[in-house]
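Novice: Handing you a structure now.
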Amino acid sequence: MQLNKYKNQNVAVFGLGKTGLSAINALTKSGARIYAWDDHEEQIANAKMMYKKCNFIHPKEYNWHEISALVLSPGVPTEPHWIVKLARRFDCKIKSDIELFLEAKTTNQKVIGVTGTNGKSTTTSLIGHILKSAGKKVAIGGNLGVPVLDLERDAEIYVIELSSFQLELMNEINVDISALLNITPDHIDRHGSMENYIATKLKLINGSEVAVIGCDNEITADIFNKFTGDKIPISVTYSPMSFQCVTLESRKEKPLPTTQMTEGGARDLISLAGNNLLDYSEQITGIDRNYLDPSVSYLDDKRGTGIQKISLKLENHSLSVSDVKINLISNAENIAATYAVCKVLGVDSNTIINGIKSFSGLRHRNELLGKIRNVFFVNDSKATNAKSSEKAILSYENINWIAGGRSKKGGIESLSKHFTRVRKAFLIGESTEAFANVMENKVDYVKCCNLEDAFRLAFEEALNSAEEVTILLSPACASFDQWKNFEERGEAFCRMFENLRYNHTCCLV
């Protein structure tokens with residue numbers, strides 16, 4: 001990405017991980033003079049090898065009056081980090097790589113921003129997948145995979161995943177479409193309060209021409225009702241929605257709006273939930289329709305068991321479990337948001353549906369690895385909070401649940417109503433004692449030394465069952481007590497599965 005605005009300007013970059021190095025690369029190619037630093041010596045040493053012309057000087061020695069901007073990596077908290085205080089003392093603009101990208105893109109290039117506590121990576125990828133299948137030149141990145149400044153310069157549409165860390169840094173946002181999927185407590189240690197966390201998410205929809213907002217979540221439903229811009233509600237629950245609704249057909253030929261407001265407030269409201277997205281009517285009666293029934297199994301059709309006629313209604317189309325490669329329960333909200341975004345962009349319904357059917361999903365997200373004897377193995381390492389784990393637990397029954405790590409606010413108390421699905425829990429990490437207290441007298445559990453110990457014990461226990469068992473790694477916790485990230489945790493689980501499968505195959509030869 002060409003950042004011509006910063007040609008011959010002095011720009012400071014702090015935080016020399018993937019995002020910071022991406023910013024240095026783009027700024028250097030654009031003719032900026034770079035001053036780079038990091039809190040960690042090894043990061044500085046690595047950057048020095050890559051960018052020998054940069055000035056690697058401690059920020060306390062900068063002439064801040066000559067610095068045009070400080071580009072801050074999302075891993076660096078704005079409060080109370082010393083570099084932020086230093087820059088503010090000299091009224092230096094603090095920017096994120098996303099802001100540099102939005103400044104540099106051309107006016108005819110569309111940007112879709114996706115955020116939410118859960119589901120944003122899958123939604124971002126699915127939108128990109130469908131747009132590519134529709135023949136659009138698409139670039140996908142941000143918090144997911146490729147930093148935005150490394151994306152192709154000539155894309156028609158950019159689909160960007162935005163985390164709360166990235167949004168926190170942003171002062172100005174201007175995107176064509178935003179998708180806010182849900183908000184539940186997360187990253188409170190970074191943001192200081194739930195109110196601050198919510199405020200980061202609001203930045204995105206407030207800076208968008210059209211906002212797609214999930215309304216099955218109390219917080220985001222409230223945001224939807226108060227938001228006065230052009231907005232689209234999505235829902236996958238039975239609960240009737242208290243929103244004015246029009247059909248997507250009424251918007252088919254309507255271009256993206258150039259303003260957010262009309263005289264009467266919101267331009268129109270488009271509902272994907274007029275007749276409820278998820279249809280369980282053939283299988284379920286008399287349940288609490290505010291949420292899925294914890295006594296009913298919503299199993300993946302690949303298992304060959306459970307309810308197989310669950311369908312997702314999207315206008316005149318219906319998707320069943322067997323139609324898609326991804327877990328329908330876990331991804332219903334993601335699919336609904338994707339459908340809305342693609343319709344606003346003018347993609348026809350058949351192309352969207354075919355794209356949903358052909359999408360293979362992402363690693364570590366309710367990922368069915370395979371079966372050994374009577375035991376299925378599911379890698380849901382991305383589930384770093386209770387709400388995310390809830391969707392996985394609702395997808396299976398007879399579960400040996402591997403859970404734990406660095407706990408988020410609220411822990412797993414909200415999952416107690418689903419403990420009937422869990423035959424035994426195998427607890428790991430810092431949260432072990434707290435999770436054990438919640439499970440006491442409700443579900444059997446064992447405290448494990450580590451993931452390897454939990455994997456071994458869960459499999460040994462499952463072999464004692466005459467029924468099929470699912471070993472589910474869905475930690476409901478961050479990974480940072482034992483791993484670099486959720487990917488590393490998930491890869492370790494996958495290696496354990498592959499080693500076990502190899503050993504059992506050898507035994508059968």
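Cβ coordinates come from backbone N, Cα and C, glycine included.
I grabbed these lines from Swiss-Prot:
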- Gly116, Thr117, Asn118, Gly119, Lys120, Ser121, Thr122: ATP binding site (BINDING)
Novice: Note the Cβ centroid of Gly116, Thr117, Asn118, Gly119, Lys120, Ser121, Thr122, the recorded ATP site, then list each other residue of that chain whose Cβ lies within 8 Å of it, in sequence.
Specialist: Val114, Thr115, Thr123, Leu181, Asn182, Asn334
Novice: Is it possible to get the count of other C-beta atoms within 10 angstroms of the C-beta of Gly116 (ATP binding site)?
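Specialist: So the Cβ neighbour count for Gly116 (ATP binding site) comes to 28.
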Novice: Count the Cβ atoms, other than its own, that fall within 10 Å of the Cβ of Lys120 (ATP binding site), considering every protein chain shown.
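Specialist: Result for Lys120 (ATP binding site): 24 neighbouring Cβ atoms inside 10 Å.
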Novice: Can you give me the same-chain residues 6 or more apart in sequence from Asn118 (ATP binding site) with a CB-CB distance under 8 Å?
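Specialist: Non-local contacts for Asn118 (ATP binding site): Leu181, Asn182, Thr184, Asn385, Lys387, Ser388, Lys391.
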Novice: Tally every other Cβ atom lying within 10 Å of the Cβ atom of Gly119 (ATP binding site).
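Specialist: Other Cβ atoms found within 10 Å: 27.
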Novice: For a quick check of packing: other C-beta atoms within 10 Å of the C-beta of Ser121 (ATP binding site), how many?
Specialist: 22
Novice: Give me the long-range Cβ neighbours of Thr122 (ATP binding site): same chain, 6+ apart, Cβ under 8 Å, in sequence order.
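Specialist: Within the chain, Thr122 (ATP binding site) has Cβ neighbours under 8 Å at Ile326, Asn331, Asn334, Gly361, Leu362, Arg365.
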